[in-house]
Amino acid sequence: MMKNPNDIGFIHDISSLDSLRQKAVKEGKDGEQEALHAAARQFESIFTSMMLKSMREANEGFESNIMNSQNEKFYRQMLDEQMASELSANGSMGLADMIVAQLTAGQGNDKSETAMRDAANSAVEYRRVDPKKAREIEKRLIESGELSRTSHTPAKFDSPESFVNSMKPYAEKAAKALGVEPSLLLAQAALETGWGQKVVQNARGSSNNLFNIKADRSWQGDKVTTQTLEFHDNTPVKETAAFRSYSNYQDSFNDYVRFLNDNPRYETALQQRGDSESFIRGIHRAGYATDPTYADKVLQVKQKIESM
């Protein structure tokens, strides 16, 4: 069955264009118009993705090393691709409408001229955007609800310090229950979420999952499915996985403590909880994360937090 033509889906799903062509041939004029609109939105999503890529490249010189790793760039690329797809699906840029209006203007339809004029005005608004303001645009799209809630989207934390200050009370409580340093939990949450900027989102907003704990068979609560990066034989691979969703950040910290205490594979690591380095390397070896440098990264972030 053909996908809903109003659903742009994943930006690189170019094979769907052949389905649009077949639909146009089989269903006559109505199918042709429907396919035209869908193809225009596909083109707009690709154009928008290219524009966002240019913005990111223009802004690279202003980014710190800790927020500009390969993992960060990978998730940022996924965010931009999904943003481009969603903006096109919602008609937010107006480029698709302008394309359709131009291609149908010869039919003498006054509505086409109006749509073309409105779309042109909308497109001009975006062409005037300064590439250096990419982050501000991204934030505004999230606040206005234009950005997909199923993607990794920035949260309210505007700096590493604000993330640490907000999470510190929860981390201290969880660290006491677990018997580890609060700074270690803060570091792990910071690494997993990019200082709170990449918390997995669900239909209601944030999943509040600070430790990216997946929703396995034992999980009976809410969950959200999204793309993630896993390492196989030290090679990063994009995968789709279900993650746990919580009502608030406190629940996320509480579940992290339960997750480690109730899982036998972390028993050896928990016996070394008095030594932060041994503990984080222990849960890493036990399979908490597939990134081969995960423990080293957590410890580096921990040092940064302790120097704040």
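Cβ coordinates come from backbone N, Cα and C, glycine included.
Listed in Swiss-Prot for this protein:
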REGION    159-308  region 'Catalytic'
ACT_SITE  Glu230  active site
ACT_SITE  Asp255  active site
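For the pair Asp255 (active site) and Glu230 (active site), the Cα-Cα distance reads 22 Å.
For the recorded site, Glu230 (active site), the DSSP three-state label reads strand.
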